[in-house]
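J.: Okay, so TrEMBL annotates it like this:
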type: DOMAIN; residues: 294-334; note: domain 'UBA'
type: REGION; residues: 275-298; note: region 'Disordered'
type: TRANSMEM; residues: 6-24; note: transmembrane segment
type: TRANSMEM; residues: 85-108; note: transmembrane segment
type: TRANSMEM; residues: 114-132; note: transmembrane segment
type: TRANSMEM; residues: 153-177; note: transmembrane segment
Amino acid sequence: DKAPLSKSLLLVPSAISILLTLLFQHYQKFFAYNLQAVKEDFQIWRLVCGRTICLDLKDTFCSSLLIYNFRIFERRYGSRKFSSFLLGAWMLSALFDLLLVEITQYIFGITINSLPSGFLGPVFALFVPFYSSIPRVQVTQVLGHFSITNKSLVYILGLQLLTSGSYIWILALSGLISGICYNNSILKVHRILCVPRWVAKIFSWTLEPVFSSAEPTNEVRVGMGATVDIQRQQRMELLDRQIMMSQVAQMRRQRQQQGGMINWNRLFPPLRHRHNANYQDHRPSEQGTPPPSEVSEEQVARLMEMGFSRGDALEALRASNNDLNVATNFLLQH
């Protein structure tokens, strides 16, 4: 749901990989990531074919699971920004692959003629925003010392993919470097290596209806946690949403009667600072409310790319003090 690009990356390369492995093995040579053919015979097309489809089913399985877990970034950033990140990481990792191979040969004297095939560079690049922007929540402890968090399974999958073949560490390292460059906007690569708006619109009109999914309505959202603590946390989150929804509906009715807009600043502080003494009884004083801060147009544009209106984006950013993650999560939930 709300991640058509992730769904296409999950289904199409996996299906082609299975077909090449089971039925069309004589065509696998066209998808081999042969660096010697690229450098000596100038077969540049291998940089495209060899870095898209996995020829090892273990790599296909692990990378598909990782793409499924990383679909949260498409929901958070929008399909256009997410595809721009993947495109930038894919192109940068191709350059770093060649550089790392040359460095390995120069320092250690190891000649590497081919690397594992597949969409592995961008997959490893996604670990950078995953590490920096996804909060770490402890689930349980093993032997009283080793913490198991909500991110542990993803790291284990990445480790499994890292150890699945020889020289795959080069793809992992190049992917991480490209992810750091793109995520931190080094040399403004995010402005150079991006998907144009008109291209995003074309794919939105043609491919998104094919891979888009309706929001599930029969999913049981409460009591599905593996532990009592997770179930309690899920119920508390559901209760918070219900409280916020009721307050939003109440404020909307009041504003409709008064002919004005909803003042989100009166709604956010009681919920975000529930245990703060400045917001006792969930009724912040009007005199202590700080003036609305300036809103970044770049963040407004990011929210509008996700499909939200400009008015909702402005109100959410002002209410969250220009915190893009908080504003995005609120708008997605409401």
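Including glycine, each Cβ sits where the backbone N, Cα and C put it.
Just so you know, TrEMBL annotations are computer predictions that nobody has curated.
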J.: Going along the chain, which residues at least six beyond the ends of the transmembrane segment (153-177) come within the CB cut-off of under 8 Å?
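T.: Residues packing against the transmembrane segment (153-177) from afar: 56, 58-59, 62-63, 65-66, 69, 89, 92-93, 96-97, 99-101, 104, 112, 115-116, 120-125, 127-128, 130.
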J.: Six or more residues out from either end of the transmembrane segment (85-108), which same-chain residues have a Cβ under 8 Å from its Cβ atoms?
T.: 5, 9, 35, 39, 47, 51, 73, 77, 115, 119, 121-122, 124-126, 129, 170-171, 173-175, 177-179, 181-183, 189-190, 193-195
J.: Restricting to the domain 'UBA' (294-334), report the mean pLDDT as a whole number.
T.: 76
